[in-house]
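K.L.:
Take a look at the following structure, please.
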Amino acid sequence: MNDADNDGSVVALVPAAGRGVRLGEKSPKAFVPVGGTPMVRLAVDGLLAAGVVDRIIVMVPAEWVESAVALLPPSEVVRVVVGGAERTDSVRAGLAAAPDAGYFLVHDAARALTPPALIGRIVGELRAGRRAVVPALPVVDTVKSVDAAGVVTGTPDRAALRAVQTPQGFTADLLRAAYAADVPATDDAGLVERLGEPVHTVAGDPLAFKITTPLDLRLAETLLDRRAAL
């Protein structure tokens, strides 16, 4: 499919099939509540609040489809499909469910507090002509590279490093091409980089942190409590 075949719509893909092992949960991480609301619901609410997303596709384990439909906002905009064993499998399922999309956002459900304004910045850059855009924050800690024995082998220049967040935005044809190449990468932007395509950055937001550990979960709950008190 090329750009002439799409309808120009922005479709957000939300992989939500990963397990909550590091959170000490048996359910998929996306279904773990933060302040009483599942992460995936918070993430979807943020995408809707941004006002720049036309459709949202949430990919969940087959046995969690009914639960996901029940907890997500009733809307023609939001659709739940079966995801895969790996994150890349889930994204592929999302791509297949939106054949007419013009742009894709791939957003971690675990980044449940991502501000709508950040989502708007990503879509704004895509609409302005960028083909791949990711939110990023400067790295504040010193980073060391180490060998297999844990011995330091180098210290990268921190000024050139960025911590990348989601949603990551792409033109539909570019993201489809990246997944068709079937090469290993730790995120969607990494797949695009393997094609030799430039990936642009916009200012990220500390609130778009990924809820991965019990400490992250406590922080997110505290932030939600403070938001509710305002």
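Start at 1 and count along the chain as shown; that gives each residue its number.
Yeah, the Cβs are placed from backbone N, Cα and C, and that goes for glycine too.
From Swiss-Prot, here are the annotated features:
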SITE      ARG22  site 'Transition state stabilizer'
SITE      LYS29  site 'Transition state stabilizer'
SITE      ARG158  site 'Positions MEP for the nucleophilic attack'
SITE      LYS210  site 'Positions MEP for the nucleophilic attack'
K.L.:
Would you mind pulling the DSSP three-state label for ARG158 (site 'Positions MEP for the nucleophilic attack')?
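P.N.:
Its secondary structure by DSSP: helix.
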K.L.:
Look up LYS29 (site 'Transition state stabilizer') in the DSSP assignment and reduce it to helix, strand or coil.
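P.N.:
Once the DSSP labels are grouped into three classes, LYS29 (site 'Transition state stabilizer') ends up as helix.
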K.L.:
Out of these recorded sites, LYS29, ARG158, LYS210, which one has the fewest other C-beta atoms within 10 Å of its own C-beta?
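P.N.:
Among the recorded sites LYS29, ARG158, LYS210, the sparsest Cβ neighbourhood within 10 Å belongs to ARG158.
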K.L.:
Work out how many Å separate ARG158 (site 'Positions MEP for the nucleophilic attack') and LYS29 (site 'Transition state stabilizer') at their Cα atoms, rounded off.
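P.N.:
Taking the Cα atoms only, ARG158 (site 'Positions MEP for the nucleophilic attack') lies 31 Å from LYS29 (site 'Transition state stabilizer').
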K.L.:
List the Cα distance (Å, whole number) between LYS210 (site 'Positions MEP for the nucleophilic attack') and LYS29 (site 'Transition state stabilizer').
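P.N.:
Cα of LYS210 (site 'Positions MEP for the nucleophilic attack') to Cα of LYS29 (site 'Transition state stabilizer') measures 11 Å after rounding.
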